[in-house]
Amino acid sequence: MAKNTAIGIDLGTTYSCVGVFQHGKVEIIANDQGNRTTPSYVAFTDTERLIGDAAKNQVALNPQNTVFDAKRLIGRKFGDPVVQSDMKHWPFRVINDGDKPKVQVSYKGETKAFYPEEISSMVLTKMKEIAEAYLGHPVTNAVITVPAYFNDSQRQATKDAGVIAGLNVLRIINEPTAAAIAYGLDRTGKGERNVLIFDLGGGTFDVSILTIDDGIFEVEATAGDTHLGGEDFDNRLVNHFVEEFKRKHKKDISQNKRAVRRLRTACERAKRTLSSSTQASLEIDSLFEGIDFYTSITRARFEELCSDLFRSTLEPVEKALRDAKLDKAQIHDLVLVGGSTRIPKVQKLLQDFFNGRDLNKSINPDEAVAYGAAVQAAILMGDKSENVQDLLLLDVAPLSLGLETAGGVMTALIKRNSTIPTKQTQIFTTYSDNQPGVLIQVYEGERAMTRDNNLLGRFELSGIPPAPRGVPQIEVTFDIDANGILNVTATDKSTGKANKITITNDKGRLSKEEIERMVQEAEKYKAEDEVQRERVSAKNALESYAFNMKSAVEDEGLKGKISEADKKKVLDKCQEVISWLDANTLAEKDEFEHKRKELEQVCNPIISRLYQGAGGPGAGGFGAQAPKGGSGPGPTIEEVD
């Protein structure tokens with residue numbers, strides 16, 4: 001085998017997994033304990049550092065110095081509410097170093113602090129070593145997966161962790177996308193299929209909808225909950241047994257970290273047992289103050305303890321379907337990913353939601369992501385095997401991208417959930433006469449007004465030759481590449497003069513929570529936004545109409561065809577409306593519409609006389625055929641704004 005083998009690593013919140021694509025198929029590699037998944041745990045003792053199973057196995061003896069959940073810290077600030085709330089549940093200490101969280105442990109008798117990237121890099125090093133032991137040669141190239149909603153700093157930090165571990169990170173890819181690749185390889189040549197990936201892991205929950213067509217994957221929508229997974233089910237069991245211990249023995253063990261940790265380990269084991277049996281027993285010797293704790297739990301009781309959590313997995317499913325504009329009947333395949341999808345109740349809820357549809361469990365849920373990452377790694381290394389040759393991968397823009405137009409309106413060029421890479425072009429124009437330049441302000445978000453969205457950057461296109469408003473044509477292009485880098489270009493069509501801005505993901509892009517918040521708020525505020533949008537559009541319509549009427553009667557070509565009195569009447573009324581507009585920019589929609597009707601009553605009779613008589617015998621014939629009260633339809637004037 002060539003020495004430049006690339007591996008795929010699923011760096012999970014609680015467990016990680018590594019795979020390699022060779023001899024035309026994927027091998028998921030077992031660690032030295034014979035396990036195909038390895039705990040994402042790092043432990044520090046007086047004598048050594050342990051990673052994986054060894055770290056997790058001694059956690060009850062050494063809770064303060066056993067670090068897990070680094071994925072919940074990576075790429076986040078110390079002040080992040082997520083970090084603050086998670087810290088309450090961790091037995092290890094997290095300290096603040098310049099608003100960056102660090103994990104503080106005692107190692108070989110000294111106090112040490114590590115960045116989350118460093119902890120994750122230790123897990124990645126372990127995965128790299130597992131692969132090297134299997135392949136028999138050093139490995140440097142890897143594809144690492146992250147949750148679909150990781151923001152740029154989280155992705156960057158994960159990449160950094162790979163670099164610290166001595167890996168050349170070929171690409172960071174989304175976990176659901178990786179699972180889809182794993183799935184797509186098994187399923188080629190069936191026409192276009194919509195696949196829903198339901199990924200319930202140890203710490204996170206992601207739902208993704210993909211379209212797979214002839215080897216091409218498109219991500220149609222993603223949704224999820226950063227804080228739902230197997231650990232939450234363990235917590236429910238732990239709380240249940242802490243209460244039971246209180247009832248039976250009148251003692252509270254919740255403050256004793258070692259007791260809680262031993263109980264948690266037993267609960268996790270019981271939970272796994274309940275996926276295949278209807279009852280599980282716990283036997284913990286000398287759990288607290290010498291008391292042995294022997295008890296049992298039924299599957300039904302476990303399901304009841306977690307019923308709200310299980311049910312809540314369906315909300316993101318509904319949201320993803322809405323975003324992908326699909327009905328549940330249009331989903332061809334349901335794919336289960338993540339160890340927690342082995343729970344029968346979770347499977348049943350999903351199956352019932354999709355009216356009894358079969359679930360695809362053909363891929364081992366723990367291994368699907370690493371499987372796909374291994375395939376992607378082979379593609380990026382140029383593997384010539386026909387199994388991977390024609391596999392393409394398309395991602396989506398998580399938020400709409402657009403620019404600000406008159407009145408602070410958000411005009412989206414690239415809609416949310418558009419497949420990237422993509423390129424969209426639209427023509428805009430000037431807002432006032434002889435305007436020398438335009439300010440292009442680029443925003444992301446779902447709200448109607450830019451002030452409620454997130455400003456990504458701005459630039460000016462100057463040197464526009466003097467011209468009446470609405471005449472210059474400015475072509476604006478939004479071009480977003482496969483890595484999510486956005487280029488915005490503005491070109492003045494008359495001069496060919498252009499200017500551009502490049503917005504990379506790290507320029508204040510939003511985190512998953514913010515994206516979710518914006519999307520939720522957008523739904524909540526949709527009604528208010530609609531009113532505002534209509535108001536601005538009524539204002540713009542009135543303004544355009546006034547300026548158009550003004551320029552129509554001032555047209556040199558009409559000299560002598562319109563009486564000075566009529567001309568003055570129109571100009572005065574237009575001027576009155578324009579002044580009123582300047583003074584009343586915040587008027588309501590119906591006020592703008594009322595003003596427009598007033599203006600039309602003055603202008604329409606005059607303009608229609610003008611156009612009806614346009615081919616008539618000289619100017620004299622006009623008076624005779626003027627329709628009373630302007631019953632002739634006014635001209636339809638195209639609005640340019």
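Along the chain as shown, residues are numbered 1 onward.
Backbone N, Cα and C define each Cβ position, glycine as well.
Taken straight from Swiss-Prot:
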REGION    2-386  region 'Nucleotide-binding domain (NBD)'
REGION    394-509  region 'Substrate-binding domain (SBD)'
MOD_RES   Arg469  omega-N-methylarginine
MOD_RES   Lys561  N6,N6,N6-trimethyllysine
MOD_RES   Lys561  N6,N6-dimethyllysine
REGION    617-641  region 'Disordered'
**Report entry** Distance from Arg469 (omega-N-methylarginine) back to Lys561 (N6,N6,N6-trimethyllysine), taken between C-alpha atoms, in Å
**Finding:** 25
Requested in this report: Enumerate same-chain residues with a sequence separation of six or more from the residue listed as 'omega-N-methylarginine' and a Cβ-Cβ distance below 8 A; give 'none' if the list is empty.
Outcome: Thr429, Thr430, Tyr431, Ser432, Asp433, Gln435, Phe547
Report task. Enter the number of other CB atoms within 10 angstroms of the CB of Lys561 (N6,N6,N6-trimethyllysine). Result -> 17
Report task. Take the region 'Nucleotide-binding domain (NBD)' (2-386) and average the pLDDT across it for me. Result -> 90
Query raised in the report: What does DSSP assign Lys561 (N6,N6,N6-trimethyllysine), in three states?
Result: coil
Query raised in the report: Under DSSP, the region 'Substrate-binding domain (SBD)' (394-509) has how many residues in helix, strand and coil?
Result: 3 helix, 61 strand, 52 coil
